[in-house]
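Right, one structure below, let's go through it.
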Amino acid sequence: MQDFLLGNHSSLTEFILLGFSGNTKINVILFSIFLFLYLVTLLGNGLIITLIRKDSRLHTPMYFFLSVLSILDMGYVTTTVPQMLVHLVSKKKTISYVGCVAQMYIFLMLGITESWLFAIMAYDRYVAICHPLRYNVIMSPLLCGLMVAFCGFWGTSCAMIYTISAMILPYCGPNEINHFFCEVPAVLKLACADTSLNDQVDFILGFILLLVPLSLIIIVYINIFAAILRIRSSQGRLKAFSTCASHITVVTMFSIPCMVMYMRPGSDASPEEDKKLALFYNVISAFINPIIYSLRNKDVKRAFLKVTGWGRAPE
């Protein structure tokens, strides 16, 4: 495998990740901030997974998908942040060619899977609000498992296309990637070849993997809001809308920066803007997701108080 990755495609054996700053004091501050965000992300998502497993009342399709989202978020940040933390306090900021390819593939696989998972979660909310009496029949464990497998299939296959199309290009120097991890747009800037075809591939895949699921989510929520408006009770409308608000917030934070990153031509990209966007949909999104779902969710709060025994659960 390593021979295939290196072969005649590149004369480089490693890359240098420039990261955020060459200033030691700034890097120490950034290290502290990102370490805090990373640990809280692992703790928050890990807690959600644990609560869903421990509390039988959370053994529903919605929380099954939420646990999968938490697993993806934990993997997502672990693919990039630990290495970023090491580079912030170390003089050596290199990553091997093979390591760069592996990081690129895993990051894309998890991100693409998550993008489609958001569409599945929107459909779950549609069934729960528009067909509540048939919810348990329609959203059977088998269907839920197949939906997650479908998301995983898109993630593994399309990430492979992205990665191969980027890494079959020749890389003959320089080897400095102006980013904090091996993301496709940043790596392509070092290619010793025309990348216009890659821009077209990225746009087409971005359309399939970002705009299509986002369009499905919009269509689903149009139907959901139409159903909510037909509810006579204002309290009922508010309750139905609140079950969707968290998902809409999370999807917006993830999808918009991803579309900006992967659907614009590489020549239009600014390295500093790219790093900020990547931080938002990689680190910040994974950090905020468990906070959004737990703070707005009485079921999660009830499960937390039950598992920890810290007082009476809210009704």
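Keep in mind that glycine also has a Cβ here, set from the backbone N, Cα and C atoms.
Pulled from TrEMBL, these are the features on record:
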type     : residues : note
TRANSMEM : 28-51    : transmembrane segment
DOMAIN   : 44-293   : domain 'G-protein coupled receptors family 1 profile'
TRANSMEM : 63-85    : transmembrane segment
TRANSMEM : 105-123  : transmembrane segment
TRANSMEM : 135-164  : transmembrane segment
TRANSMEM : 203-228  : transmembrane segment
TRANSMEM : 240-263  : transmembrane segment
TRANSMEM : 278-295  : transmembrane segment
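Confidence for the domain 'G-protein coupled receptors family 1 profile' (44-293), expressed as mean pLDDT, is 86. Away from its own ends, the transmembrane segment (135-164) comes close to residues 61, 64-65, 68, 101, 104-106, 108-114, 116-117, 120, 123-124, 127-128, 184, 201-202, 205, 208-209 of its chain (Cβ-Cβ under 8 Å, at least six residues beyond either end).
For the transmembrane segment (105-123), the list of distant contacts is 62, 65-66, 68-69, 72-73, 75-76, 79-80, 147-148, 150-152, 154-156, 158-160, 162-163, 181-184, 209-210, 213-214, 216-217, 220-221, 247, 250-251, 254-255, 258, 281-282: same-chain residues at least six beyond its ends, Cβ to Cβ under 8 Å.
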